[in-house]
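What follows is a single structure, written as structure tokens, with notes after it.
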Amino acid sequence: MTSSLYDEEVVADCAVDVPKPRKASSLRTWGPAMVAMALVIAVNAFLLGPTGGKIPALTEKHINRRNLAEARTQAVLSMEYDPVADAKRGRRIGERNLSEEEGGVLEYTRRRHRYLGEYVHIDVSGQFSFFGKLSVSFIYFCFWVFLMFPNWFLPIGRPGIALGGGLSMVVWRFILQIAGHGPFFDAERVIIMEPLFLLFGLMLTTIYLEKMERGGLFDKLRDSLDDPVNWKRSAKIMAMSTIGSAAVMNDSIVLIFSGVVVDLCVRHKVTNSLPYLLSLATTANIGSALTMTGNPQNILIVSLAYDDIGWLEFAGNMAIPVVAATFINSAMMFAYYGPELFPGSSGIVENFGVMFGGNRTPEMLAQEHAYYARQAAAKEGKEEDSSGSWSMWSRIQVVVVLLFLVCFAVGLDVCVTSICAGAILMCVASYKRQHYDPRPETVEYDADGNPLPPKKTYDIDGNEIQPEDEEIVTESETTLTEVDYGLLMLFIGQFILIGSFDDTGVPQAFFNVTMGSCAKQMTSVPCVYWFVIIITVLSNIASNVPVCQMLAATFPYASPYDWLQVSFSATIAGNLTMLGSAANMIVAFQAAKVGDRTFTSERHAPFGIPSTIGCLYAGTFLLSTFHFSPECSEKLGECDGDAANDDAVN
């Protein structure tokens, strides 16, 4: 009785008081990015000198590390290889702490060297001619540009571009091999199957969480992120994304919530969904830096690090940098997209009053009134329904999700866990649809609304098929068709392109040339500030996982602190461009699937560049200042030398 007049007043207020935001100028759009890049150049020129003249000489600690590494490598290479014993232990690295009978540290080091050589990186750059390296690099960068701007030349789409690029690279590498300009290209070796299995399992799980029941767990989760105030809705998305990515994995979080964020934008008739999609993607990358299970490169780093790095050690060192990066990214989000998140506000000062003083602009009040009017209308139409209650199917979803998270936490294989969770939900959804859901109405009507007699159907022998004998609709014909197989094709194509490009040795040469004298002291101040920029650039050109693989083969005895700096910079680098991380690509794809194509490379970069640089340098400073992981390798014996030197000094 009270809603009709109230609704009319609210609609009238909304139609008058909510203006569309003005289009920003080029200086407003790209100005922060240009200032951030100028600051990077200025800071490094000040610390290292314009030509690198201020780079400090190698200390006794660095020389001692180099000598120990060379001695350990020589001892490992001189060990006799027992293929039978090694076959019994398997191809994996295995336990880090081997017994004396098994060879102790030396045996572990030998097996690790074989692992790095066989699986991660094989240096074949010397088998390329100059023409071979140049042509492969040219093909890679051409398709890199096409992936950045997929509709620039032809509207093929990123999966088609990546797969076409991968196939083109395979054909060209074969031509180079025949012509004697390059080695054999083992494309199967560079396709890493684990991320593909993980993505498939996560997509399967997400689809069934969403489609199993209307008003179920997925809808309740979406409603928890809803808020009538734009900036609060963005803050909730960032908080959920940060915590979830640290607990599970950034790819799974963005895969689950990309559609939710777009749905919220549609529900609130948001004219620009980019701030909300950026809130999800950027904080997913930042939050994943906290734990060793937050993203694929962290998992790889922990498995390839020479010294043990525990879960608590990793998270304890990363806590301060990640919290600082989260606040910086959030502050920049509210400042850069102030007109969208604070409609009607006059600027940053008024935005502070809105966030901390409880103030509201007329436009915000109109949005709140419209939101509560819609809620009142929705509740009035569902008075007899038990909305808000948890059905049996929702409880099953919760149990499966909790078991899924527990299996992740205890260290079970993430690929098997995600696929099993999706398979369990598929069986539950199929049983529910077969025995509990109402049958779809198949009655047809004529123009006057009268029901028509059912059409008779016959089998191949001419026998009439009774209605109860009709073919049952299977999951393969319904829900399984919603799996984004194009996304899997995108990753396969990218793996082939990146793997071939790494074979040329160009990324490694770029690293050595740009690092110069800092290559042997890359995580020492002031070289660390230049080092993280090089890692950021390489991570966006050759992807962060191959960069970590390259560093593991190039610096096999890096200390735990070295790897923490690599992990932080390679993870934060994912926010620089849209191709910087898989999470960004997943957000773009999931949003495009439901018709939202605002998350593009050219719209991501103006915010991504300054946010990444600010988070990267603040986090690097805090990590280099506050960390308790050793800056030396205990297994290499380097820490014993440092302790002896400290005693001698004292």
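Think of each number as a place in line: the chain as shown, counted from 1.
Cβ atoms here come from the backbone N, Cα and C positions, even for glycine.
Per TrEMBL, the feature domain 'Citrate transporter-like' maps to 151-426 (among others).
TrEMBL lists 476-553 (among others) with the feature domain 'Citrate transporter-like'. Here the domain 'Citrate transporter-like' (476-553) returns a mean pLDDT of 83 for the predicted model.
Per TrEMBL, transmembrane segment is recorded for 29-48 (among others).
Taken from TrEMBL, the feature transmembrane segment applies to 134-154 (among others).
For 160-179 (among others), the entry in TrEMBL reads transmembrane segment. Beyond its flanks by at least six residues, the transmembrane segment (160-179) meets 128, 132, 135-136, 139-140, 142-143, 146-147, 150, 185, 187, 489-497, 500 of its own chain at Cβ-Cβ distances under 8 Å.
If you look up TrEMBL, you'll see 191-209 (among others) marked as transmembrane segment. If one looks beyond the transmembrane segment (191-209) by at least 6 residues along the same chain, the residues whose Cβ comes under 8 Å of a Cβ in the stretch are 216-218, 249, 251-252, 255-256, 296, 397, 401, 404, 414-423, 425-426, 428-429, 479-480, 482-484, 487-488, 491-492, 495-496, 499, 545, 582, 586.
For 314-337 (among others), the entry in TrEMBL reads transmembrane segment.
Annotation source TrEMBL lists transmembrane segment at 398-431 (among others). Long-range neighbours of the transmembrane segment (398-431) within the same chain, counting only residues 6 or more positions beyond its ends whose Cβ lies under 8 Å from a Cβ of the stretch, are 194, 197-198, 200-205, 207-209, 211-212, 217, 247-249, 252, 293, 390, 475, 479-480.
Annotation source TrEMBL lists transmembrane segment at 522-543 (among others). Under 8 Å from some Cβ of the transmembrane segment (522-543) lie the Cβ atoms of residues 40, 43-44, 47-48, 54-56, 62, 144, 494, 498, 501-502, 507, 510-511, 514-515, 550, 555, 559, 561-562, 565-566, 568-570, 572-574, 576-577, 579-580, 612, 616-617, 620, 624, 631, all in the same chain and six or more residues away from its ends.
Per TrEMBL, transmembrane segment is recorded for 563-587 (among others).
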- line: Here the stretch out of 29-48, 134-154, 563-587 with the most C-beta pairs under 8 Å to the transmembrane segment (314-337) is 563-587
Query: So what's near the transmembrane segment (563-587) in sequence-distant terms, Cβ-Cβ under 8 Å and 6+ beyond its ends?
result: 144, 147-148, 158, 195, 199, 250-251, 253-255, 258, 277, 280-282, 284-286, 288-289, 294-298, 301, 305, 309, 314, 317-318, 321, 325, 329, 487, 490-491, 523, 528, 531-532, 535-537, 539-540, 544, 547-548, 551, 599-601, 604-605, 608-609, 611-612, 615-616, 619-620, 623-624, 627, 629
Message: Let's see if you can do this one: DSSP helix, strand and coil counts over the domain 'Citrate transporter-like' (476-553), in that order.
response: 67 helix, 0 strand, 11 coil
